[in-house]
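Chemist: Here it is: the structure, laid out below.
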Amino acid sequence: STVTYPELGCTDVLCCVIFVIVILGYIALGAVAWMHGDPRKVVYPTDSYGQFCGQQGTPNANKAILFYFNILHCANPAVLINLQCPTTQLCVSKCPDRFATYLDMQYNYSRNRSYWEYYRQFCKPGFDNPKKSVAQVLRDEDCPSMLVPSRPFLQRCFPDFITRNGTLTVANKTDFKDGLGKTRSVVDLRDAANGIASLLDAKEVGTKIFEDYASSWYWILIGLVITMVISLLFILLLRFTAGVLLWCVIFGVIAAVGYGIWHCYWEYVTLRGKPNADVTISDIGFQTDFRVYLQLSQTWLIFMISLAVIEAVIIMMLIFLRRRVRIAIALLKEGSKAVSYIMSTLFYPIITFLLLALCIAYWAVTAIFLASSGDAVYKVMSTQPNCKYTNITCNPETFSQSNVSQVCPGSQCTFAFYGGESVYHRYIFVLQLCNLLVFLWLVNFIIALGQCTLAGAFASYYWALKKPADIPACPLAASFSRALRYHTGSLAFGALILSIVQFFRIVLEYLDHKLKGAHNAFVRFLLCCMKCCFWCLERFIKFMNRNAYIMIAIYGKNFCASARDAFFLLMRNVVRVAVLDKVTDFLLFLGKLLISGSVGVLAFFFFTRKIPVIQEEVPSLNYYWVPLLTVIFGSYLVAHGFFNVYAMCVDTLFLCFCEDLERNDGSASKPYYMPAGLHKILKRSDQPAKKYSGS
């Protein structure tokens, strides 16, 4: 007969009630954000009058690009993107494609009116007086003093920089007239829009990467399917050939890394004598074509040293843990039996993935709507550093009648951001923090639900005296309903503790990012220590939560009691814990590495057209490393999804084994539930420890 599930009853009811209330509050927060927010404020750029560029059904429907009257007033790209540039910003249908000044336009207007027709599209809507004096036009901000050839980027007009023979130019010119009687250098434009050239290069690279994905997505998908099939076969084969297969994995990884070291050494020796191969990576900087780095001897030296360190670590671990590898193999073999009897567990990660995707989508949408809540707020922007009215809230309709423009000549009442003075708008930042905390709580709850569900299914396998006859029907579904019905509070409690620690870690990372320019060494040191402590705390809580959820699945107790029982059980079996937590994880990691590496090698030969049979099928690519890295990273994630179920199985079986040893003695009245082979190996592993403790 099987061991019955003890005293089914709801645990941590108070935390369950709080969790449900928080979820309802989170839904309410999303609804309020939906009512007050407007994603168009994030999607569309906004002009100086708070109007969206490119929004359908408005006068700006065909004007999707933001134009800056005088880009020289803008200090850097971040200022431009945040709309904090002290110059008038206008929605236009296209960017200027030539140099022009208002003075030149007035001079040529009497002979050819087309000059004005072109210039007026960059002036304020409704302005149609080309004979108005330049001083008055610039005072009233009716038109820009100059036009610079530009192209749109991030829906904003930026100067069209081109480097020719090492010289920065705009439309093949190195200087231009600023419309105020001065000749300026193109370098001034570059300083005003510092970094835009690199951003435009990044956009071009991004476009090429998108093209590569569009032409190779089919083959990337095939690579991930191959990974899934190999992972599934690997786990099934472990049941029958665990020892042989795992030793093959170990020596296969050692041989593969060894070959990598030899190949890197051969490439390094070959390139060392060639001209231009001794250039360092720092000298050539970042290059989008990775093949450039492969022509440098230093690249292969770095690869060789890295692989040598990895090889040394693997060999050292095998030497020190050689006695434990056999025990780990026995555990993995038993785990593969459990998985083969409950095959549905391999596909449970799909449910976790869908729930996590739903949470992430809801959090992102809520964050966007919160960020876009409120009305347009206008601030005084001045080019003068000593203007006392800078950043003061203003009204654009009455700004011209105020004395601000007299005290601070050239100042503008410009749109700054979206906000308000109501209680809701004042606490937007607090609501964003609440959105983040609840998001972390939900994510950790979903992960906890998955761990408890899998633990319950595998525990039902272990506690079946006659396997597989005594395994209950639909163990995964039964475990899922049990965890959700009776233990939502306990899972939410554990998830909340972990979420609070992660929340503080994120806050510390944010503070560290803000203080990067600070010169206070003590504050930076203190922050670094706190980050390290919270990282260690998070790792410990994750480990304890995982084992607590297993005990919840076995006994049905509340979170604190389960965490306490798990902790003392692990402490009483600390030597065995080292076996499980280190050796089995290490072997599973090697398995993931071998699978993703094998698929990666296959993808490399495919995308570099080195497989003659299917050479014609390879799509034309800008960068072959784009689909290659995607396949390698995706393959590792797919293998990780399968092996994570496997690791949960081994952890559950291990705790069940420890409980089995303490509760039973192998007699007819108290028989062991573990297989005889596993008991023999694990008991034998304890003998050296017992001899040592008795001496």
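Glycine residues also receive a Cβ, built from the backbone N, Cα and C atoms like all the rest.
Just lifted these from TrEMBL, have a look:
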| type | residues | note |
| --- | --- | --- |
| TRANSMEM | 12-35 | transmembrane segment |
| TRANSMEM | 217-237 | transmembrane segment |
| TRANSMEM | 244-262 | transmembrane segment |
| TRANSMEM | 300-321 | transmembrane segment |
| TRANSMEM | 341-365 | transmembrane segment |
| TRANSMEM | 438-465 | transmembrane segment |
| TRANSMEM | 486-508 | transmembrane segment |
| TRANSMEM | 520-537 | transmembrane segment |
| TRANSMEM | 586-609 | transmembrane segment |
| TRANSMEM | 621-643 | transmembrane segment |
Chemist: Which listed range (217-237, 300-321, 438-465) shows the maximal number of Cβ pairs under 8 Å with respect to the transmembrane segment (586-609)?
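Modeler: Answer is 217-237, with the largest number of Cβ pairs below 8 Å.
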Chemist: For the transmembrane segment (300-321), give me same-chain residues lying six or more residues beyond its boundaries with a C-beta closer than 8 angstroms to one of its C-beta atoms, as numbers and ranges.
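Modeler: Here the qualifying positions are 250, 253-254, 257-258, 260-261, 264-265, 267-268, 271, 281, 294, 582-583, 586, 590.
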Chemist: Taking the transmembrane segment (438-465) as the reference, which of 12-35, 244-262, 520-537 gives the largest number of Cβ pairs under 8 angstroms?
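Modeler: Stretch with the highest Cβ contact count: 12-35.
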